[in-house]
Amino acid sequence: MRGSPGDAERRQRWGRLFEELDSNKDGRVDVHELRQGLARLGGGNPDPGAQQGISSEGDADPDGGLDLEEFSRYLQEREQRLLLMFHSLDRNQDGHIDVSEIQQSFRALGISISLEQAEKILHSMDRDGTMTIDWQEWRDHFLLHSLENVEDVLYFWKHSTVLDIGECLTVPDEFSKQEKLTGMWWKQLVAGAVAGAVSRTGTAPLDRLKVFMQVHASKTNRLNILGGLRSMVLEGGIRSLWRGNGINVLKIAPESAIKFMAYEQIKRAILGQQETLHVQERFVAGSLAGATAQTIIYPMEVLKTRLTLRRTGQYKGLLDCARRILEREGPRAFYRGYLPNVLGIIPYAGIDLAVYETLKNWWLQQYSHDSADPGILVLLACGTISSTCGQIASYPLALVRTRMQAQASIEGGPQLSMLGLLRHILSQEGMRGLYRGIAPNFMKVIPAVSISYVVYENMKQALGVTSR
């Protein structure tokens, strides 16, 4: 077979690809040239893990690059693996992958995608406009991406079109059976928890300012952003801007773990005989999981608010704060504001999910002519906008919750129920009163998302989670 016409054609094609990648014409392709080639030929942001994997796998003598012989040997093995993947996805063995076969393959992995999403995926590889993918199109699209099996290919597609971020991740992440079996799921949860801790610490002054304005700002006490920061610094110094951050970080781990376990159980109950959850069912499961987690860790939310608002020397620490609340107000105090908190999950989760899906599908319709991958900036922008819309809808309930958590610690203040507090705010301050502190809340969204993303990606790399 070595001298066959097909073999000669392949070697010519590999030679042309090698020449195109070898930008400095030194007879070798290094990681830098490979990175440029992946970006140029793949039509999207290349995966650093794929570049390193290709170099280490193909380089027989580890000298930092591939010569033509090593490059050709790698591509030959690569094409053989890709051909097996192609046949695995081509369920009716007609030599083409169509939209229904893409959907079936996703369903087999427990991932539900719409017909429109499947068409967008197919369109990103379909060069001849036939709305099917033949072997040549498949090979050319995936030749330089380090994808080892069908699950990897499907997750390359999934992660290029789906990213769901929210302020508190009200609807938990979906993990495939493969991710659960390999242990990638807990590594991603750990990476997310560390990212959340760093992000919350970085934006803690704005978070404390928000709580401060929610509780203390009014028509008679017109607190603005600078005035609020100044009064906090004058009362307790620069370090006081981070009051309440310790418990805010501490509650990430139990909340994430409980939410994930509850979501898996609720999802199993909803699924029944179905293979996958629809978006509406995912919203219901996510909201119930969020409510379950909040029910269990809610005393930590009350402690966070009290510690955030404390005066210098008021409490010796977390345990002292909890002991004093228990002695003076009883155990019920640890669930003050619970009802508006749980009710706030529904508008936040629903609007966050709906706006994100709308923005994502709009972008895919308008701009995904050559690729279904919008890039990380577009995905982060969609996530930020959807999260902000969710916050606007649920903010009045969040404000009422915070006031109820804090009102027992304010001397001479009225002890009101949720409806009583809503009526009091509306009668005294109007609708604007329900949005006190929303400015610093908006100010922290972009830095929080940015810090979270950077730390999350670095943590995934450190933990050995493959990015696709």
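Every residue, even glycine, has its Cβ placed from backbone N, Cα and C.
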Swiss-Prot: matching membrane side for Trp363 and Lys460: yes
Candidate ranges 189-206, 225-242 [criterion: Swiss-Prot lists as transmembrane segment]: 189-206
For the domain 'EF-hand 2' (77-112), residues assigned helix / strand / coil by DSSP: 23 helix, 2 strand, 11 coil
For the topological domain 'Mitochondrial matrix' (398-436), the number of residues DSSP places in helix, strand and coil: 29 helix, 0 strand, 10 coil
